[in-house]
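What TrEMBL says about this protein:
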DOMAIN    1-253  domain 'Major facilitator superfamily (MFS) profile'
TRANSMEM  21-41  transmembrane segment
TRANSMEM  69-96  transmembrane segment
TRANSMEM  108-136  transmembrane segment
TRANSMEM  157-178  transmembrane segment
TRANSMEM  184-204  transmembrane segment
Amino acid sequence: MGPAIAPVIGGYVDQYLGWRWIFYLKTIIGGVITVLAIVFVQETLYKPGTKAPTTNFKERMERFKFNPFISLQLLSYPEVGLSCIPISIAFGWFYYLVTILPATYSSIYGFSTGSVGLCYLAGGLGNVLGSIVAGFSSDRLYARMVTKNNGIEVKEFRLKPIYFGVVFYLVGSILYGWLLEYQVFWFVPLIGYAFTTFGLMFTVTTTNTYLVDAHIKTAASAVSSNNFSRNTCAMIFSLAAVSIRNSLGDGWS
């Protein structure tokens, strides 16, 4: 819901208070949440014990040593690297749309900054529905395929719903781009945008579920590798978004 709610707030903050206040509010909110989390959120890996282990200073310092790139080594595993490809492309394309949406709706329809922010609610609706439907359909389809396979579980069965997500993603992207190209009534392209985010959450939910099932002992690291690859693609697509739209237009881009 963050990519849907934040632009609404940020749009009106920029419109009435100026863009600097966006960063002021982010800093204030982030600081308050950090303090509240430190004080009230419990440690998730806490292991109660009757007696503290005897350690020296060197052993205690060893606990603070870590390699942040260990998780990325999982990308060399075919089941992780290959499953990250579709979600990375989909995520990159989603952020391409997110980046150019303000330019399209302000230039074509004359929307103000606040009104542009409201357009992102369509994407939020698609995200919520996509997450709910993807989780439900993934479990149902997985159970059905296991039954057909004589009760033998195959983790790759979890990836089947991606096909449904790809269909919604492609149809939504085409509708969004070409409806903007022909300057159809402003609400109609947002239907395509919602279809796109619906398909995106299908791929995200399906891929993350598969990675957790395939790497139960290192599930957090596998999901982190997926997040790294998809966020990298999102950065690349976002950097090139405005230039691509200016060169190709809304339809072909």
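Keep in mind that glycine also has a Cβ here, set from the backbone N, Cα and C atoms.
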Could you pull out which residues elsewhere in the chain have a CB under 8 Å from any CB of the transmembrane segment (21-41), counting only those six or more residues past its ends?
-> 9-10, 13-14
What stretch, picked from 69-96, 108-136, 157-178, has the most CB pairs under 8 A with the transmembrane segment (184-204)?
-> 157-178
